[in-house]
Every structure is written in structure tokens, then in C-alpha cells.
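Before any comments, here is the structure.
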Amino acid sequence: MIGSAERGLRRQGLKYALALRLAVVGVASLGSFVESAPRPVVAISVVVLLNVWNVLYATTMVRGPDRARYWLVPVDVAVTCALAVTQLWTASAEGGAAGTNWVLAAVGITIVSYSWQIGPAGLAAATVVVVPALLAGSALARPGDWLSSVPLQLWLVMEVVLSFAIYRFVRRAARAADRQVERGELVRRQAAVAASRRVDEREYLAALHDTASATLLMVGAGIAGGRQQWLADQAARDLEVIGGPSIVSSREADLIPMLRDVGRLTPLRVHLDLPETLRMPATTAVLLCHGTREALTNVVRHAGVGEATVTARPDGDLVSVEVVDHGVGFDPQRLPRHRYGLTRSLVERMDRAGGQAEVHSRPGHGTRVRLSCPRRPTELAGDDTEVFGSVFLTGLRWAVVVMNLVILTCLDLPKLIANLDIYPQVWPQFLAWGGFVAVTIGVALRIHRGGDLGRWRWALIALVFALSAVATAAIPPEHRLGTVHWSEGDAGWTLVLLLLDVRVPVFVGVLVAQYVMTFAHAALGGDSALPVTSLVSATVIVLGYQFAVGLIAAVLRRLASSSARAARAEEQVRTEEAVAEQLHRDRVERYAGLADTTVPLLRGLASGTLDPGAEDTRRRCAVEAAKMRRLLAEDATAPDPLLHELRACIELAERNGVSVSFAEAGVRPVIPREVRRVLTEPAIAALATARGRVRLTVAGADGTVTVSVIADCPPQAVPVPNTDQIATSTMLDGDRLWIQATWQGGRG
Amino acid sequence: MTTVVVVDDHPAVVAGVRAWCMLADPPIEVLDSGANVGVAWLTPGDQAQVVILDLQLDVTGPAYGDLKRLVDAGRQVVVYSMRADRETVLTCLDIGAFTYLTKSEGQDHLVAAVEAAATNTPYTPPVLSGAFGTDDRPHRPRLSPRESEVLLEWFHCESKDMVARRLNLTVRRVNACLERVRVKYANVGREAPTKAALVARAIQDGLVLADEL
């Protein structure tokens, strides 16, 4: 699945690539007037047609249907080739083969921006077609020395490759960011589902307790002497509750019972100071609970005391939870930075929910942890923007590092070496070149360690300016701004790398300042190597490309926040779906559990086909009520669920005047819930219908569990389940019925 | 007449035990009673044939030390406790208690257990039977499958008639099984004069053969 960041990147990347192309081609085509084209009329018509086509191309690309690309791109390639061939009439030959012209700049940006619009195969094909066309155009315009323009064409190919590399790097970063956010989402979703399930189950059981269980208990105890309307109505209402849809909204939960659970599961005496109820978004409630547990765990581990106080209260639009202990405390200032302790994990966790965590502590004065979260679901709390932003930036930085090294070694170094005899002194050139390489590698190491440039940024920028000035000064004035002057535009790339995460005006300002400095330097020295016209085209090509990278950085920053918003919105939808689906499944399962027993009884009572006064009905109701009692006692957190559930039923029986002698022996394996239900069924039925004394025993040995009950009760009232896992045997001794249910599934 | 001394810190328990002893046929004489084990060592308690000992006399945990000293002095001790966990039950037997009764078994078994202790006849009430039947410690005595079966059924149902019916045995054989298990337990673990006496008596009566142990 394509995540929000990658999707956003594809969409935004396309838009910005097209906008950049429009702008650069527009500026470059202005060059046709400066350059004094050989055939001005033709040149002007070509310029107008080209820009019209560009606008048409861009709008169709963005707004048109996807399949439009299949014809749009080939047509665009054809137009670009045609433009390349028109150099004869539209571009001045003044700059010579080594110089550039506006056509070259326009064609260059067109194919460079393809990498953000079409796949690698299309990009390769377009390049293979356009570059020879450009060569052909040069050959037509300057039949004498067209071969000397070959290096320039090759460099264009290189630019295409680099642009493609940037796109790939950034795209990979987008994918990585998506995966990272997805993992976070998965965890949050599972937590939300689990929380909602617990809440729903608790509410369902509470409802059961108040409805079906109460009705059946009443009938079982013989309160209704015969058929009565109110009883029938009650049974009908109970049926609705049992079969009804989920009671709990998947998004809301009550924080208080969840906090109680947290307090109970800590090996501390936890004093709770909580309101009756505190409803809030389920995910936030889970988060607060996790935070509270974390804080309590820290009390256990570090505070050296056995008790803590947990306070929760609504606080305006916030809900705050405080965990206070009077233990040894610590000095937050002196905590080692590398320790991923209480403070950091809590703060980060609360940040996610748009909340806050504060830790106050002093040695000898205990610790107070205060967590607060908004009570209402927040739209977005800055959340994943950081993740997206930093991953994007890292991707782009790597791309620029690679690109800059390629430019320095494959383009500038050959220029430098080829012109060694022209430089009066060679060392300033190598110093500047080596300096740029060193700065680039330094930045690369910094990214690798995951750090920020910090205050080094401005020192390094000053260094680049100084190196650029040194290199320019050491070039004979007549060669400045020409091929010999390799550092002229390319010093800018090192600056781009250093400026990637600053605001756009600063980026543009610093970059332009570098060019102005170099041009002024050259102008002061007198005649330079290139005519002004050629200089404009050359600068447009390089500077446009550098601006483009800065623009990408800015786009990615914006994209990060919109991606985070989109991711959060999608997450909310998916979480709600997951919660709803799971709750529905739980409901169906629970209803199935009651369908064969409770439901027919309630139906019979509601329709009047069962007489609540009849002995048999009363007995069946008593048994069902006891079974429901056991269901209500089902609690995953009870240390020994079997005994916990049996005790609930013993209590019920004792309230009905039955004297129960209970004993247990041995150790029991963990018994699955379904097995537990069947295993306890005879005992519960016997407890519900017995009179006088009941002996109830549980024995476990060798992975076998036996639940045995001896009671005075009618044999027909007690089920004798025999499944493939559970064997039940009965024996009647006078009035005493002895039933043993045995499960051997725990044998390992 | 059988004589006992009762060590229990709960007056209601002591009163109950006194009542059961008085109503027993023949009656059992309670020589003395008190909250402290001292009553069993001082006159007239030191003359009692059987000591009824509550394990939890204070918060420091089961009074194994007191039990040990009484056993080593050759006293017949019936442990009478709230605790029903296997660990405690088997530890007391290992130390050399004559038998172990939980408070809920008192009404049905205390008098019979005291009589058995006075005559040194093995006596296994249901909770003790359950502890034997589910014992999985490495140094436990070897029991036959039939013996394990009888132990567990007796634990579940409290009626030897029903156990016999269920397992198609005679009540005599059920009793014999329980007694043999008790003797096997007396023969393992820590040595104590009361345990040795129980084993000797069982061999004498032909309940077990010497080479069976």
C-alpha cells in the first residue's frame, strides 16, 4: 500500500516539477531577446508557441486523466526535439560551442524535470531521443565545431541522472516515513481496539447483570408465582439488550475503571483519588493509563517506597492524572542524557496525544509526575510531522551530498586538471576544491550520526564563501566565468547542502549573494571569458537547478505536515473500522454463547409459553442465572479464574441457604475459557438447584483437572457434558448426586 | 479416657473443640487450652496424649518450629489449621505431625482423628488425602495407581461408602489403601519418633510388608 507521504510526494512533486519547468523555460526564453537571434521573427514565434504548449502540457498533466500521459509525454518529447533543432534560427551562436544558449537551458530543464513526472524507462527513452536532437540542432547551427559541444550534452545526461537520483532518494524517504508512521499506527490501533473491547465487555456484562441475570434470578427464586405481564415485558427487553448492537461508542471510554485496573496490577499500595467517571477518547485514555503505569513502575524501581497516590480530575478542556510518591526522588538536572528514562518516554508518549508530561522531583522529597491530555479528540497534534519532516530532509540531504560529490569529481576536477597550465598558481584551486569536498563529507558524516548542523552551519557557509573568493582571485581575469573558472556556479552546490533546512528567503539570499560576489569579482577584474548573453543562460541553468533543490526542501517540509494530517485521518478511520469490526465479532460470539440457553428461556418467558411459577422453569432459570453469574465473574486479570468463577457461584448458592464445603488440591494447568465454561457447568447447575449441603472440590494433578460436586439435587437439572476434551461421570447415592467433570488437556 | 491439650488463639475454636470432645463417645478430656504452645509443655497440658495445634499462632508464619519440638518430644500432634494449601499440609506431615485437619473438616473429623492419634492408627482426612493424591515433589513416596485413585476420590467426596461404590471396592479396602499411603508417607523424609512408631505399628498389624517400604 502506498502511504500518505509517498502519495503526497507524487502529487506535489509533479506539480512543483511542472511549475519549475514553466518558470525556468519562461526566464530562459527571455534570453532569446538578449541573445539577438539570427531570425528574430521565427525566434519570437517559437518562444510564444513553446510557452503556450508548456502551459497546456502542465495543466493537462495535473488536471487531465491519467491516460492522457500516454500521448502527452511523447508529444512533449517531440516538441522538445523540434525546439532543439531550431537553434539555427532562434539562438545566437555567439557563445560558441562551449557556451550555452537559451534553447539548451529550456531543453535541459524539460528533460531534467521528467524524472519527477514519468518512470525510469520513459525518462531514459526521452533522454535518448532529446540529446541527439540537441546535438543535431548544434550541428545545424554551427556545422564547423558541433563536436565540441558534446561534453555539454553529456553533462546534461548527467543532470538527468542526478535529478532522477534525487527523486528516488526522496521517494524512498517518503516510503520509509510511511512505514515508520504505519508501525506507530499499528501499535496505537491495537491499543485502541483492546481498550474498546475491555470497555465494551465491561459495559455488556454490566447490562447483563442488570437485565437478564436479574430476571432469571427472580424467576429462579420463585418471586413470580405465575404468568405476569411485567415479567414478560422485562424478558422481552432483556432479549433486546442481549442481542443489541455494541453499547459503547468505539471512540469513547471511561478512564476511571481503566486507572483502577492499572492501580490493582502494581505491586504497590496505590491510593486512588478519582472521580466517579471520566469519559474521554478511548485512545487518549489508553495513553494516560500507559503513562500512569510507567510512572508507577518507576516508583517501584527507584523510589524505595511501597505506596503512591494516583489522582485524576478533569481540568478545563484537559484531563490530568498525577502520580505522587514520597520516595527518594532525584535531581532531573543531573540525570544522564543518554538514559531513556521516565522523563523522555513519558514526554514523547504524551506529545503524541497532544498532551503534556511534567516530572517534578527533588532528592529526598519524592517525585510528582503530572500527565495531561485533551479531553476531546484533537484534530492533529503535530504528531507525525516531525517523523515525516526529518526523514524527508535526511533523504534529500543524502541526495545532495551524492550529487555534489559527483559534480565536484566528475565535472569540476576534470576542468581543473585540463586547465592546469592556465592557472598562475595551482594550490588555491586545489585548496578550494578540497575544501568543498571536505565540507560535503563533513555534512554527510553529520547526517549519518543523525545530528543537526547547528551553529556549524554559518561557519561552514563563511568558509565556502572564502574558498570561492580564493579560487576566483587565483584565475586570470580573462578566464573568469569561463570553463577555467570551475568554481563559479558549483560552489553554490555546497551552499545548497548547508542551507537545505532554512527558510526559502534565506536560502535564496545566501545563494544569490555567492553569485553576486563572484560576478562582482569578475567584473572588477575587467573582461571575462563569456559574453553576457551566454552568462545569463549558464546562470539560469545552474542556479535554476539549485533553486529547484531548495524548493524541493520547502515542498517536503509542507508535505510533511499535510502527510501527517492525512496519515492521522486515515488512521482514525481505520482504527474506528477495526474497533467496530472487533466489537461486532465479540458481540456475535457472546450472543452465540447465550443462544442455546438464556435466549430460549427469555423468549419463553416473554411470549408466555413458559410458566415462571412451574418448578421446572424456576430450576432452569436458577441454573441460567448462576451461569450468568459465572460469566460476570470471568475476568482475565483474576490470578485463578476457575476458582474466581466458582466462588462467585458459591456465594450465590450460600445466599440461597445452601451450605457449601469447598476444597481444592494440587496445581492446575492454565485452563482455556471455553473449557472452563464446560468444566464448571455441572457444578454451577448443582449449586443453583441444590438444597442443604454441597461438597465442591477441585483437584489438579499431572495436567488433569477435576471439578467434583456432591449435592441433593434433581439429576435432570444437572447437565452432563461429555465432549472430546471433557469427561463427566455421575453417581447417585440415595438423594446425593455426585458429578465429576474431568479435563485432561493440560498434559504437556 | 483420651486426653488432649488445645493450642489455639481463637476462643471460639477452643470452645468448639471442647464441646466436640465433651459430646464424643466416649468423651475426650481437654486437660488444658491456651493461645500459646506453652500450655502443651506445662502441667497439666504436658500429660495430654494428643496435642491439637493451630499452625498460625502469630504473624510470623506457620509454627513449624513448635510442631517440630513437640514431635521430637514424642507427642502426637493433630494440626488443626485454616490453611489448606498442599505445601503447608505436606510440610507438617514431613515434620512428623500425626495428621492434618483444616478448620472446615473439624466437625466431621476432629474427634475421630484424636481417637486415632491416641491409638496410633493412621488417619487421613479428605484435605490431607487431596494433598497426598496431588503430591508431585521429587521425594514423594511411590504410590500405586489404585492408591492415587482412592486418595483423590476420598478428597472429592468425604464418604468412604461412595468411594467404595464408585471404585467397586469394599470400604475395608478403601481404608486399607488410605492407611498404607499414610504409612508410606511416615517412612519418607525427616526421621521422627512418631513416624517410626506409625511404621512399626503398621508392620506389626500386617498392614504393610517391611520390604514394601
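Quick reminder: no glycine exception, Cβ is built from N, Cα and C everywhere.
Annotation source TrEMBL lists coiled coil at A:552-586. Summarising the annotation, TrEMBL assigns domain 'Histidine kinase/HSP90-like ATPase' to A:287-375. The transmembrane segment annotation in TrEMBL covers A:16-34, A:40-58, A:70-89, A:95-114, A:121-140, A:152-170, A:398-418, A:430-447, A:456-475, A:495-517, A:529-556.
Of the candidate ranges A:16-34, A:70-89, A:456-475, A:495-517, A:495-517 contributes the most Cβ pairs within a distance under 8 Å of the transmembrane segment (A:398-418).
Within the chain carrying the transmembrane segment (A:40-58), a Cβ under 8 angstroms from the stretch's Cβ atoms is held by residues 18-19, 21-22, 25-26, 29, 32, 72, 76, 79, 83, 86, 89-91, 106, all 6 or more beyond its ends. Assigned with DSSP, the residues of the domain 'Histidine kinase/HSP90-like ATPase' (A:287-375) fall into helix, strand and coil as follows: 31 helix, 31 strand, 27 coil. Nonlocal intrachain contacts for the transmembrane segment (A:16-34), taken as residues 6+ away from its ends with a CB within less than 8 angstroms of a stretch CB, comprise 43-44, 46-47, 50-51, 54-55, 57-58, 61-62, 90-91, 101-102, 105-106, 109-110, 113, 116-117, 532-533, 536-537, 540, 544, 547-548, 551-552, 555. Listed by sequence, the residues of this chain that lie at least six past the ends of the transmembrane segment (A:70-89) yet keep a Cβ under 8 A from its Cβ atoms are 37-39, 42-43, 46, 50, 53, 57, 60-61, 64, 101, 103, 106-107, 110-111, 114, 117-118, 122, 126, 129-130, 133-134, 136-138, 140-141. In the predicted model, the coiled coil (A:552-586) has a mean pLDDT of 76.
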